[in-house]
Structure formats: C-alpha cells, structure tokens
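Per TrEMBL, these features apply:
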TRANSMEM  20-38  transmembrane segment
TRANSMEM  71-90  transmembrane segment
TRANSMEM  111-129  transmembrane segment
TRANSMEM  149-175  transmembrane segment
TRANSMEM  182-206  transmembrane segment
TRANSMEM  218-239  transmembrane segment
TRANSMEM  260-279  transmembrane segment
TRANSMEM  291-317  transmembrane segment
TRANSMEM  329-351  transmembrane segment
TRANSMEM  371-394  transmembrane segment
Amino acid sequence: MLRTFSLKTIKNVANDIPSILLLGLIIRLIIGTFTINWDFLRITQISLKYFSGGLMEVYRDPLSVYPVLTYWTRIFFIFISKPFLSGSFYKWNSNGDLSIIADTFIFRNLFFLKLPFILIEIATAYIFAKLLPRAKRGLFLLMWMINPIALYTIAAFTNVDVFPLFFIAVCLYFLNKKKGLLCSFFLGISAAYKIFPILLLPFLLFSQNNWKQRIYQTLIFLIPFVGTQIPALSISLYWKNSLTASANRLILNSTLNIGNNKLLILFIVIYCLLFFFYLTEKNRESKTPLYFFLALSVIFTVSAFNIQWVYWILPLIILHQLYFREEKIISFVLYAAYFGIIFLSQTALHIGMLSPVDPSLWTLDKPLTAFIGSEINLLINSFYSLFAAAVIFLSYRVYKVKGDDTFNNEKA
C-alpha cells in the first residue's frame, strides 16, 4: 500500500514541470550559496584580469587553460551581476583565498555569481527532457533536479562544463528538427567552450549521406569554433596554457605496449571502433544522439578523468535510471565509485567546499589519508575501475534497448 502511494505521489509530482523546475532551482541556490570550489575561485580571479589587461593578461596566468569563449562568458556574467555584488568582490584578485572566503559578503557574492550557471544547467535539463516522449519528460526532469552528480558538479563545484553541455543539448534539439546547419553551428559553439565536443563532430557529419551537406556542416561548425579564438591566436601563452595544454591530452595517456617502443592509444582504438560501428548502422540519423554520449563514455573507461567531466554523460546516466529502474545495483556502484573518488581526493573537493560556512575547512588536511595510509591509491584506482565498469554496462544497456529513440523526438 505504501509502495502504491509512493508511486502515485511520484507520478503526480512528475507531471508538474514548473514545480520540478522550482524545486531544482531552490535546492541549487541553497547548495550554491554555501559552497565554493578552488577551481571556481581561480577562474573568477583569472576572468577579472581581463578588466586590467584584456586577453593578454588573462593568458599570462599558467592556470588559464580554457578557450577564449569560456572567459568571455564568465566576464559577461560578472558584468551583469555587478549591481548585486559587494564592493569587496573586486578585491578578489589581490586578496588571499582565506580573506575571500571569510569576507562578510561571501554568501551574497556566491549567490549571484553562481545563479547564471544554475539557470543554464536547469535549461539544459529541460531541453533534454523535451527530447524524450511526453510521458517520460517529467520524471526525467525530476531525476535530474535531485541527481547528486548534477548538484555536486554545478551547484557546489560550479563547473564551466555547464556551457558546452547546454549547447550540445541545443544541437540535439535542432538535429531532431532536421536542421543540420543549426545543429553544426551550436556544436561549434559547444567546442569553443571546451575541446571535447569535437569528438561528436564525425558522428554528426556522417548522420548525413550527402558529402556536400557534410562540407557545409563542417564550415558552419568552424565559424564559432575558430572565430571565437581568433583574438587570442596571436598570444603565445594561449597556445601554451590552453590549446596545447597537457590537460587536453589526458584521455590519450592510457596505452598498450605492443613492443619496439610502440604503443596503442586505447582511447583512439575504442573511439574509432565505435565510429566504425556507427557507420554500419542502418538508421544512423536516429541513433546519432545516443552515439554522442557513447563517444563521450569512452573517456570514462580509459582515462583518469577529472571528476567534473562526469557531467558530460549525465543525460545518459539518468536515461539508464529512467528506463532500467530494476537495475539499481548499477546506479549504486556508479554513484558510490564516483563519490568514493571525491572523498579520497583533496579536501577542497568535498568538506573544504563548505569553507564559506567555516573557513578553517579550506586548509584542512585530507582526513582519510592518515587513516587509510598507503592503500589510498589502491582504493582510488578501484573506484575508477568500478565507475568504468558501470559506465560500460549502462551504455550497453541503453544502446541495446533504447538505441533508436535516445533523445530522438521529432515532436520536441
């Protein structure tokens, strides 16, 4: 009886889209206002340098690893938030981390600085929900709004990956509408924020059988991708710190020794195999959205991925939960492994995020390191392995059962 009541309650809530969106907004604003991440703080500080020296000053910083559009967007959000930020905010570049975190107005500043990220994430979830059958939209949206990965990576971590995934969602929306050129344009914008959406371009191009259309789509893709970077191409530090940064090659580090000092790069092998399978599909266009996420999933099986990257495949993770609710053990392993990696990492990635509430948490040593000792690396590696296994399995399940209608709804 209790189970029946619970299912009815969930079904009723899932039909109320505005309430779901409001719930998601409230949860995120509460989390976002009281948490800060070192990456978010550093990106904000780097972006503020634009006001004193333009892009040249931005890319002087060795941690300026993102393309131009990421910083421009960050600068724009700071500019429109200016009337609501405290006067002390503009001293963030000259103050130390602890001074910033202990600032009287830290909660006010975090609220308005994070608000655009949160709104974009909610919009992303809404677009993906629109790409599903009407009966599934509300529940998908509800699952996203309370998803711990979404809450951690955007509300708490405030990850810049919110931008490329939003434009991937827009790209898929126009793919559903059979508007290939618009689809390519928005995928180009996505790649202008971070490089990884380039991995999706071959699947988009070969969803068409017309070479002329493929050429047009490539050119349209390049307009925002290259165009937004032109102002920085003459800056040598842009090439060093961003375009050719080691972080962009992280996915190529997993190799297999084949002798004579030669290596197979596992990501390239698996990615190409996946693309070859895609080329053999009878109805490639309908399966393109799924292959987008299968291509990204490869990253999480062969690399020591950054924890914020998992947001890239969040739509696939939630889709598996939506359609395979009986496979709870897979979801449990995935989330346990993900947050296991986080809690065994530096304190700034978990309890240290609450430093606006208690600044002493910012300098707290790894609480588990002393307890676990030398076995900590084995545990972290085990969690990476478990996460990879879960991603492989859920990707396979979604492909086998939902391949043709994964985020593929012409009535969106």
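Placement of Cβ uses the backbone N, Cα and C atoms for every residue, glycine included.
Not measured: the values here are computed from a predicted model.
Taking every recorded stretch in 20-38, 111-129, 260-279, 371-394 and counting its Cβ pairs under 8 Å to the transmembrane segment (149-175), the highest total belongs to 111-129. Contact between the transmembrane segment (260-279) and the transmembrane segment (111-129) is not supported: fewer than 3 Cβ pairs lie under 8 Å, counting only residues 6 or more apart in sequence. Fewer than three CB pairs closer than 8 A are found between the transmembrane segment (20-38) and the transmembrane segment (291-317), and contact between the two stretches is not assigned (pairs 6 or more residues apart). Remote same-chain partners of the transmembrane segment (218-239), defined as residues 6 or more beyond its termini with a Cβ less than 8 Å from a stretch Cβ, comprise 55-56, 59-60, 64, 67-69, 72, 181, 184-185, 187-189, 191-192, 198, 201, 205. Remote same-chain partners of the transmembrane segment (291-317), defined as residues 6 or more beyond its termini with a Cβ less than 8 Å from a stretch Cβ, comprise 39, 128, 144, 147, 149-150, 153-154, 157, 159, 161-162, 164-165, 168-169, 172, 196, 199-200, 203, 247, 250-251, 253-254, 266-267, 270-271, 274-275, 278, 331, 334, 338, 341-342, 345, 349, 384, 387-388, 391-392, 394-395, 398-399, 406-407. Sequence-remote contacts of a segment are chain residues at least 6 beyond its ends whose Cβ falls under 8 Å from one of its Cβ atoms, and for the transmembrane segment (111-129) they are 21, 24-25, 28-29, 32-33, 44, 77-78, 80-81, 84-85, 137-138, 140-141, 144-145, 150, 154-155, 158-159, 162-163, 165-166, 169-170, 172-173, 315, 407.
Sequence-remote contacts of a segment are chain residues at least 6 beyond its ends whose Cβ falls under 8 Å from one of its Cβ atoms, and for the transmembrane segment (182-206) they are 66-70, 73, 160-161, 163-168, 170-172, 174-175, 214, 216-218, 220-225, 228-229, 248, 271, 275, 278-279, 284, 288, 291-292, 295-296, 299, 309, 312.
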